Ligand SMILES: Nc1ncnc2c1ncn2[C@@H]1O[C@H](COP(=O)(O)OP(=O)(O)OP(=O)(O)O)[C@@H](O)[C@H]1O
């Protein structure tokens, strides 16, 4: 005979199985409909292809538009969605009819327990043959109650359900009853409630090397950010693990859904490291969005350059500072003048004409003027002013023309003089040497000479700082070839602006000063064509919306670089000042203010830590109190029942320390199913890579700055004192390292920071 508890358990299983079977029927209907839509899209494509012979421009344009729409539709339907259908809400009767497709969220009678409407939520909207909603796109206004309703503010929602499926098979449902005070009914039968809630189930899962979307469990405060209006700038702060990265990516998908035409202009997501880029890259495709969103590391924003080295904290601090603008301006000019010939000598009109060093200096000053035109674009102007100066030499001893006819004749002579001289080999060779095309890398190449750097840096950085800068570029060739850091990339971008693209000699050279004054001479088709091409190229570096992740780390120079790609854009900026590795927040804020200049801002704070269990969050909070006193810790939503482990190596030998780190990693590999990370000070990365050799793919070794934004099932933070002492921002970097784990944390200290009797190293005793 069965006991009472057994009976209850069996009943639960029966109810669960029945509910799963019900959702399976709905999912089968959805796939059936999707197949019909797929066939329709294929037909449209074929039909459009047949219309290739219809000749009128209007018909061809319509065909193109049709092909585009059908192709996009096909691509989205063909996407292999995991959990295509993931949510359901059962709603009370609304107090008002739908308006503009948005259902009222207020019940006619809050005490009415009857389910009047059921909505299913999924990654894409699917309509049945009668245009009734089979699935509502998660981004549609009608789906908002799924994310916004809470037991405190349930709106019309009686029950919220998360549906889990694999391929086409429903494998589980998790319910939240939002009106426990009522006994909701559907078709006269009590509404069953299955499972313990979806959020906890999803947070407890093992982590892999890629981030998952959170579409089935977005929380209310996160949903408000995702659906915030696009205009101006949306600024989001929140502690580690509060979902800032996840929210930022879901917001990109939301914006595309809401205004695909506008955001077809491109959404740029700026990430701090290539590691975080590859970690987050899969999220948007899993939401059905690809193509319009470019996720790029801050060191990869300039085409053709991939930052590959790290600066020392000292060098990074100088390179990131806005003082570099002035220094680079001078460096660009100095590079132009480097090895410039001191005399111009040409033979024309039967005599030798010369411009000496003093005269050349004056001409150069006039070329540059005060307009701030990029140096490379000034070459046509340099050519013209040199010709003018030579002409003055040529007519030095002639009387001034007396009347209009004489002036006209002189002008004609000047024109043939210009034509003759500008084709002369000595003049051309001089121009090449005196106004060479300068590349950003070439400028950096000159700065590796500390004496040169010191000379031009006067008043912008100290002699000692210029030595640090020069040392950081010592590995570059004279032309600046060699690996660059993420901070260098921002400098290259700034230089690109100061220098401009070198003029293209193929076309008539356009005087940039004329362009600036608005005087446009008669242009050839080639000119217009070339300019048009330049404009299109320039537009490719501009985006309609820019999302900045880990914004707290951006330097003023990096803000300037990103700002140049977002002149017309709206913004979403997420970050956590307490995790900042940039030591001068006020300077960075000033650069951001300049970039956002006058755009309206809306601010949000995320308060719940979904990553770290409370046991780990508590240790991190101690470091937070030191790193950013007064900053509140986000509250952790779960406990794992295991305290972080503190281990120590008393012997100073690096080998013993390495062996201990390896042993700790092996221990953790046995305790968790997913990934395990070892985080070490930046300058111990090479030795740490040796400690972990052969431990397999689940183990990752990271320098402290590389850990930004990433997460693992378990982490070993080795040499916390070393990490804290790396720079002025070291404690904040340590705070980042301590908040990467979803289940287990081990802190391994060396002899500099031995634990007390309770096992806690001095640094973490708080
Ligand atoms: N609503 C949610 N449902 C399920 N998981 C969530 C939810 N919100 C966040 N998470 C998970 O919590 C973890 C932390 O999220 P995320 O990396 O976006 O946080 P973050 O605020 O960017 O953290 P950090 O500042 O440390 O980089 C991720 O695994 C994410 O999937």
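Please read every residue number as a count from 1 along the shown chain.
Glycine too: its Cβ is placed from the backbone N, Cα and C atoms.
Database features, via TrEMBL:
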{"type": "DOMAIN", "residues": "217-613", "note": "domain 'UvrD-like helicase ATP-binding'"}
{"type": "BINDING", "residues": "238, 239, 240, 241, 242, 243, 244, 245", "note": "ATP binding site"}
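Projection of TrEMBL feature records onto the structure.
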residue : record           : Cβ contacts under 8 Å, 6 or more apart
238     : ATP binding site : 244, 574, 576, 605, 606, 607, 634
239     : ATP binding site : 576, 578, 606, 607, 609, 624, 631, 632, 633, 634, 739
240     : ATP binding site : 576, 579, 609, 611, 612, 620, 634, 735, 736, 739
241     : ATP binding site : 609, 610, 611, 612, 634, 636, 711, 739
242     : ATP binding site : 606, 607, 608, 609, 610, 634
243     : ATP binding site : 214, 219, 222, 606, 608, 610
245     : ATP binding site : 211, 276, 280, 549, 550, 574, 709
Exercise. CB neighbours of residue 244 (ATP binding site) within 10 A?
Worked result: 25
Seminar exercise, completed: Within 8 Å of the Cβ centroid of 238, 239, 240, 241, 242, 243, 244, 245, the other same-chain residues by Cβ around the recorded ATP site are 576, 606, 609, 610, 611, 634
Exercise. Looking only at DSSP and grouping its letters into three states, which state does residue 241 (ATP binding site) belong to?
Worked result: coil
